[in-house]
Amino acid sequence: MSSLIPIVGAAQNYAWGKYGSKSAVAQFSHSNDPSVSIDETKPYAELWMGTHAKAPATLKDNRKKLLSDVIASDPSKYLGSKVLSQYPTTNGGLPFLFKVLSINKVLSIQAHPDKSLGAKLHVADPSHYPDSNHKPEMAVAITDFEAFCGFKPLPEIDVLLQKIPEFYQLVGAEVAQTFHDKISSASREDGRRLLQSVFGKVMTASPETVAKYAKKMVARTKSQPELFGPVLADLIQRLNSQFPDDVGLFCGCLMLNHCFLNPGEAMFLHAKEPHAYISGNIMECMATSDNVIRAGFTPKFKDVDTLVSCLTYTTNPVEEQKQKPEDFARGTGDAKFALYNPPIDEFSVLQVKFEARTGLSAHIAGIHGPSIVIVTDGSGEIAVKGEKSQKAEPGYIYFVAPDVELSLSSSSSGSPFTLYRAFCELE
Ligand SMILES: [Zn+2]
């Protein structure tokens, strides 16, 4: 088998996805496999490109065969010896899962455990924590993208607490006043404890209490919008229409950073940091795991005690939450390369982008681990050195074996030929 294998991903129709052909997930699925028809009445939320048993990728030339079967047939060829020894597999599993997300409605506010907490939770409650792994995630925006990411700086939370009566009342006068009085002189550790006390009050309030204050607050965004400012007032109204009277209006809208990413900007979500995606299309890469601790905007199980006790309660401005792209020395030629390289072993993501012209070319020297490549814009060709080149159009996905040189050439003039490549390479 070639070292460059065309594959087909698996679409997931979660309720928060964009509908029908408005969804990048549906567009890509149909373009990669025209026999897939798009149902305009269905949401298309995620396209999984990997070996996860819940929705595994298959070979484009033989839809009955899984990518994981190919990898399992010769793991050292398809994963490389280093990756194989760190992430041993008997069933051809990759250490990462690469996805396209097309988001119409806010996802649940959540955090993920680190490795030691993941192991503990899995032992104590395996039905809610299905594995013992950590779950670092990174999102790279492919359209304008909006998310919650980490706690707002304490003074910003304090201003909202003092200004918005329903927030103050939900938290209670005692905790709210202590927070206000102490944050300016608090040590970093005390600041964390103060933030935890406010967050704990919000998260442990009864649903009836939350609903009562949420209704009043939403009404206030209309009667006194100047109290919130136009962006926050709009956000609260919008998310309330998606999840009426939800605790996420408080623990999300009023306590977490509201981040906007331009296409090509990325954020890495550290363990034990609260986050939620709100709208837009992204490439997402994560370590293979299903461990999620949820806080709001969800009908699913919320483990409030674990959540309140485990978060780091660090606060950072939005700009510091972003994962800055680095240069990528192994890429040469006419394309621009941006490497998103978060501080974990399981994955990095490379963006390769040409200008909107035909006849440009670029090369990428071998990466010492497995990769998945998807074309998101424009068109061109892709080849492994010494082999016949293959078409590369939006939605086309390839698995690339370790240590082979890739050649790319552009053939689109309307839009810039653009690819994303997730890979695992160990130092
Ligand atoms: Zn997450």
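Just so you know, glycine gets a Cβ as well, placed from its N, Cα and C.
Database features (TrEMBL):
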- 7-154: domain 'Phosphomannose isomerase type I catalytic' (DOMAIN)
- Gln110, His112, Glu137, His275: Zn(2+) binding site (BINDING)
- 170-256: domain 'Phosphomannose isomerase type I helical insertion' (DOMAIN)
- Arg294: active site (ACT_SITE)
- 339-384: domain 'Phosphomannose isomerase type I C-terminal' (DOMAIN)
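Nearest to the residue listed as 'active site' in space, judged by Cα atoms and limited to the binding-site residues Gln110, His112, Glu137, His275, is Gln110. Around the Cβ of the residue listed as 'active site', 22 further Cβ atoms fall within 10 Å across all displayed protein chains. Here the domain 'Phosphomannose isomerase type I C-terminal' (339-384) is broken down by DSSP into helix, strand and coil counts: 0 helix, 24 strand, 22 coil. Residues Ala111, Lys135, Leu269, Glu273, Pro274, Val292 surround the recorded Zn(2+) site, their Cβ atoms falling within 8 Å of the Cβ centroid of Gln110, His112, Glu137, His275, which are themselves excluded. The Cβ of His275 (Zn(2+) binding site) has 25 other Cβ atoms within 10 Å, all protein chains considered. DSSP assigns His112 (Zn(2+) binding site) to coil in the three-state reduction, outside any helix or strand. All protein chains shown were included, and the count of other CB atoms within 10 Å of the CB of His112 (Zn(2+) binding site) stands at 26. Here the Cβ of Glu137 (Zn(2+) binding site) has 23 other Cβ atoms within 10 Å, regardless of which shown protein chain they belong to. When the domain 'Phosphomannose isomerase type I catalytic' (7-154) is classified with DSSP, helix, strand and coil residues number 41 helix, 40 strand, 67 coil.
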